[in-house]
Amino acid sequence: MSLADPTSDTTPFFSDDSEAEGSEEPGAGPSQRREEEPASGVSSLRAVFTVIVLCFINLLNYMDRFTVAGVLPDIEQYFGINDGKSGLLQTVFICSYMFLAPVFGYLGDRYNRKMIMSVGIGFWSIVTLASSYTPKEYFWLLLLTRGLVGVGEASYSTIAPTIIADLYIKERRTQMLSVFYFAIPVGSGLGYIVGSKVDDLAGDWHWALRVTPALGLVAVVLLLFVVKEPKRGAIEARPEHTLQRTSWLGDMKALCRNPSFVLSTFGFTAVAFVTGSLALWAPAFLFRAAVFTEGRPPCVKGPCDTSDSLYFGIITVVSGILGVASGAEVSRRLRLRTPRADPLVCALGLLLSAPFLYLAIVFAQASPIATYVFIFLGETFLSMNWAIVADILLYVVVPTRRSTAEAFQIVLSHLLGDAGSPYLIGVVSDSLKQTDSYLWQFRSLQLSLLTCSFVAVGGGAFFLATALFIEKDRQRATNYAPSGERLNLELHDEPIVVPKSGRSTRVPVSSVLI
């Protein structure tokens, strides 16, 4: 790199984040004044509005996804389907979502992300509306439209976190990602609440699927006129190199050699398995428990009693907010003691959620109040890792590979997680039924849902393994340089002392050799 390179300055040479972000010293020259301009190309105010719009769309995505679960007893009664076919509603959506995620991940790393999301969300809104007009004799058509909904969500979920990553860094990024991932539990809970209440008011479950499409079109307008595309990786740019795109195959090879990314993805897969199972089956399970233990009338003719969906939705919203907030705060405080804080908090959340979910399922026949309390505690601990897992991905993967990494994580976590878990739980439930009595409708689903607790323990083990590699992989991503610009320095990781304002900071040799 030439000494005349305009991007060269002293601040990025320092590994101490607080010094790099320190206030401007008196007598700053023109080059330092230029640094006051956002490197991302997006003003601070517009960046905040961008995050708000992205959160709104994320909330709509999850609200739509779980509206179906909120009216599942009505759908089962309307189409006359069993548990296995009910599970397919979530499975076909997740399958299309995960298989299209790599396509949008590839496009998101190379083309205008705002336009990709706008087209995808517009398509999602149209297909969601169309699904609400499915005739009674055409259950396969409902499955098809639910599968097509995954196209729109894949276009958004793989790309939105990378835009936030290009707007903020360090602690500020973690805060904004926490806000962004608040939308997952809140949107999921609103899906149950809105679905159940609209069903009650309209007396027809079809109307529950017509709420989010109108809001989706509003989201497209906000995307086009409020969100501005930030420069990729500019906010993290370092003077020793310029980030360059590599081939998709090269990206995948690099990701597979990243232990922290791979292990955290497997840990997140366990989260997806558990949340996917509970999201679809928990309201139906609570309804069957009430029929079996409390003598509530079964759903013979719609509209069915949706009070359990309403209560589960409220619990999901509150526990999600507490879980995401507490996870981010515990991680922030623990980082002061260990750089392995993030995977350790994720592991803690999963390992603590497992026994509470187990107790919630077991106590369903004895005490509805205890069941709801244990569900609340289990979901709170389960929600602790949402924002943290996203942050782990963003700081162990270089900017030019992040959309691809997001897509790969979506594919793997859904392929082995919630793509099959709702269907699997339904099939196991059907196979365990000895008779078609209300007792066995409840008991078989209860036994199949116990699987979730054991999967949560396995996910905690993967996050504990991630903690072994997180420091090394984070440093590797931070100091990443294309092979042609490494200058064949074998001493890249050997620190030397560089003075600044009377203080000394240890930095890699390659940061000061130009």
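Cβ coordinates are placed from backbone N, Cα and C, and glycine is handled just like the others.
Under the heading region 'Disordered', TrEMBL lists 1-39.
Here TrEMBL flags 1-13 as compositional bias 'Polar residues'.
Positions annotated as transmembrane segment by TrEMBL: 43-63 (among others). Tertiary proximity for the transmembrane segment (43-63) is limited to same-chain residues at least six positions away from its ends with a CB under 8 Å from its CB atoms, namely 117, 121, 124, 153, 156-157, 160, 163-164, 167-168, 176, 179-184, 186-188, 190-191, 194, 211-212, 215-216, 219, 222-223, 226-228, 230.
Look at TrEMBL and you will find 50-476 tagged as domain 'Major facilitator superfamily (MFS) profile'.
A Cβ distance under 8 Å defines the sequence-distant neighbours of the transmembrane segment (88-108), meaning residues of its chain 6+ beyond its ends; these are 65, 68-69, 72, 75, 116, 120, 142-144, 146-151, 153-155, 157-159, 162, 248, 276, 279-280, 403-408, 410-411, 414-415, 418-420, 422-423, 426. Here TrEMBL flags 88-108 (among others) as transmembrane segment.
Taken from TrEMBL, the feature transmembrane segment applies to 115-133 (among others).
Long-range contacts of the transmembrane segment (139-164) within the same chain: residues 50-51, 54, 57-58, 61, 64-65, 68, 79, 81, 85, 88-89, 92-98, 100-101, 103-105, 108, 113, 116-117, 119-125, 127-128, 130-131, 173, 176-177, 180, 216, 227, 229-230, 232, 390, 393-394, 399, 402-403, 406-407, 410, each at least 6 residues beyond the stretch ends and with a Cβ under 8 Å from a Cβ of the stretch. Taken from TrEMBL, the feature transmembrane segment applies to 139-164 (among others).
Under the heading transmembrane segment, TrEMBL lists 176-195 (among others).
Proximity of distant same-chain residues to the transmembrane segment (207-227), defined by a Cβ-Cβ separation under 8 Å and at least 6 residues beyond the stretch ends, is recorded for 46, 49-50, 53-54, 56-57, 60, 63-64, 67-68, 70-71, 114, 117-118, 121-122, 124-126, 128-129, 131-132, 152, 163, 194-196, 198-199. The transmembrane segment annotation in TrEMBL covers 207-227 (among others).
For 261-290 (among others), the entry in TrEMBL reads transmembrane segment.
Residues or ranges marked as transmembrane segment in TrEMBL: 310-331 (among others). Residues 70, 174-175, 178, 181-182, 184-186, 188-193, 196-197, 282-283, 286, 341-342, 345-346, 348-349, 372, 375-377, 379-388 of the same chain sit 6 or more residues outside the transmembrane segment (310-331) yet have a Cβ under 8 Å from a Cβ within it.
Feature annotation from TrEMBL assigns transmembrane segment to 343-363 (among others).
Annotation comment: TrEMBL describes 369-398 (among others) as transmembrane segment.
Taken from TrEMBL, the feature transmembrane segment applies to 410-428 (among others).
Feature annotation from TrEMBL assigns transmembrane segment to 448-470 (among others).
Stretch with the largest number of CB pairs closer than 8 A to the transmembrane segment (410-428), among 115-133, 261-290, 343-363, 369-398, 448-470: 261-290. Between the transmembrane segment (261-290) and the transmembrane segment (369-398), the number of CB pairs under 8 angstroms, six or more residues apart, is three or more, so the stretches are in contact.
Within its own chain, the transmembrane segment (176-195) has Cβ neighbours under 8 Å at 51, 54-56, 58-71, 160-161, 164, 167-168, 205, 208, 211, 279, 283, 306, 309-310, 312-321, 323-325, 328, 379, 383, 386-387, 390-391, 394, counting only residues six or more beyond its boundaries. Distant neighbours of the transmembrane segment (448-470): 259-260, 263-264, 266-271, 273-274, 277-278, 281, 285, 339-340, 342-344, 346-351, 353-355, 357-358, 361-362, 382, 385, 392, 396, 424-426, 428-429, 432; these residues of the same chain sit at least 6 beyond its ends, with a Cβ under 8 Å from one of its Cβ atoms.
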